[in-house]
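Taken from TrEMBL, the feature transmembrane segment covers A:81-103, A:135-156, A:163-181, A:193-210, A:222-243, A:271-290, A:302-323, A:329-352.
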Amino acid sequence: MRDPNAIDFWRGLALVTIFINHIPGNTFERYTYSQYGISDAAELFVFLAGWSIGIATRDKSGERESVFRSVQRLLSRTIEVYRAQITIMVLALAMIAGTALVLDNPLILEWHNAGGFFGDPIQTVVGVALLTHQLGFFNILPLYVVLLGVAPLFVIVARYSRLAALGLSLALYATSLVEEWNLPSWPGDGDWFFDPLCWQLLLVLGFVLEDWNRRSPLLRIWARRLVPLGIVIVLLGIVLSVFELRPDPLLVPEPRLIFTFDKTYLTPARLIHFVGVLLAFHLVYAWIAPRIGPAVDYLSRLGRNSLAVFSMGSILSLAGQLVRFWTGGGLLVDVLVVGAGLLGLGTTAWFVEWRSRKPRVRA
Amino acid sequence: MSRLPALFVALGLLASPVRAETAPPADAPAKPAPAVVSPPAATGADAADTSLSPECRVPGSKLYTLARLAAVKAALKEHRAVRVLTIGSTSGAATSSASYPVRLETALERSLPEVDVVVEARGLQGEIASGAAERLRALVAEIEPDLVIWQVGTADALARVELDAFADALDETVRWIKSHRIDVVLVDPLYTKSLAQDEYYNSIVRKVFEVARREAVPLVQRYEAMRYLSAGSDKGEAHFLGRQFRLNDLGMRCMAEHVTRAITLSLLQPDATGSGNGPIVGKEPPKDRPATEASPAPAR
């Protein structure tokens, strides 16, 4: 088991944030950092996944493993994530249907996109297996499956030139923004909630920056120099989100996705804000880690077991939503729901480590 | 708004079908619009609307409130296709012919002969009060419809978001859509017995009603319609999942018809004179509300 480190810590924080934000309407939602910026925990999560691929595809001495080994590793991880997505989708649908039956309340069947499944199970079950039918809040892992699936391409290109990998990724991102390319939802109209063609940029960025960070002191020097710029961007993000200032998507010029704040397409404003967050906070871990020991241990443990914790977090946040609806909510319920959830996330991470008892490098 | 008048509105909404019988006939249009729809039911507003399928028949007063649909009318006048964006928890899925968007497109094309109606259906993840309103804007910008049919309130009710936060966000979003000369029809959330006494849930339904009236947009009262259907449909045939689920099934099947009815009747609303910005529903008596009832008039 690796010691607490910045990557696991921030990933743990992203996991906790996603868990809390996926219980909409709860009291603690307004205290997560997602409410105070243009980008949110999803960006952090995907970026760190890319960074982790960089770490995972090296051996302990820092030498890159063979291309074949890396591709094999990524493929195996893709399958693992797919399996997790199918498992939590089945559990979620069963929880929704079960609650609707127990409470004799068909309203619950309309829970974020689940109505499609219960209305037309024949087509929709195919969509679930194809990942083209996604429940609300259960759409990050499908993105992750696609990203890990295409990651070998970027990893191979990066063996020859990191700049080429980044260029390829940027070109795909820019074209998808201008042309509004996205993967389709099915059955039904519409597209994926997280457009993999755009979000791949964050994964590749994480992967390439990890490499540069390791090799060249220049990146670290400049990141340090640009901390003030990062702080300015973060402050600007706080102002924009608190006052809900954002461009009107019907008034911006074409191609409009260049200008809007759109999560689906990871529009430039979100990307710039996220880079600002990175710059502003990349030195913070070293400073706070000694001061908040137990929290660092807890969050790092979550981060080390991110797939299991994320999956359990999805289930627990859905359970939290159902409990809030059933009981009517309120501060006490929120404290119990979120408290039990955080305990559940910690227990999940502990359980996974207890069961494996050997370090496993995760992509 | 204080809670008390709002409660009276709810009492008005929940009045039994029998009480509503006294309401005057409504829906006599001052001037027929271009001949696009069959005339509205000449019967009283509280007789079941016979233009609907037998199992979906609900009196107009329990089914809709009407308002002008300027953008759709303009599209009809220009003889171009009417682009409709439906948004809602169940409309985003299922392309089988039985599904709501397909039913809606068929029903609208039947009511508006020789008009091409293109229905785009999208699901909307999340709550209006947090985030979903933003995504709705992105969807509207992407599709650029003439009309948005918005099934609203379910996600917010499930998350039990604060009532005022919900109403404010809904109001603001409806105003935004209208500001871009796009029509809006709101559809409130479903009725089910286990929620009939849930004060919070009823308040959500009421908030949708209030916003529809304030912003002068047509409202399809899915809640009231299903409540009406639930009273009449107790045939004792046990659905596998229980009666509330069967009712929901029926509500789903009827929704396309109900929405179509509200739209076609709204298209018959006379154009306002003058600036045309005034809330039409406010000027006229709330014709589809049981206004002459003994219960206090809803607060404006």
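Keep in mind that glycine also has a Cβ here, set from the backbone N, Cα and C atoms.
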Intrachain neighbours beyond the transmembrane segment (A:222-243), with Cβ under 8 angstroms and 6 or more residues off its ends: 35-39, 272-273, 275-283
Criterion met for the transmembrane segment (A:81-103) and the transmembrane segment (A:302-323) (at least three Cβ pairs under 8 Å): yes
Close approaches to the transmembrane segment (A:302-323) from elsewhere in its chain (Cβ under 8 angstroms; 6 or more beyond its ends): 1-2, 7-13, 15-16, 18-20, 22-24, 26, 45, 48, 80-81, 84, 87-88, 91-92, 95-96, 99, 108, 111, 137-138, 140-141, 333, 337-338, 340-341, 344-346, 348-349, 352-353, 362
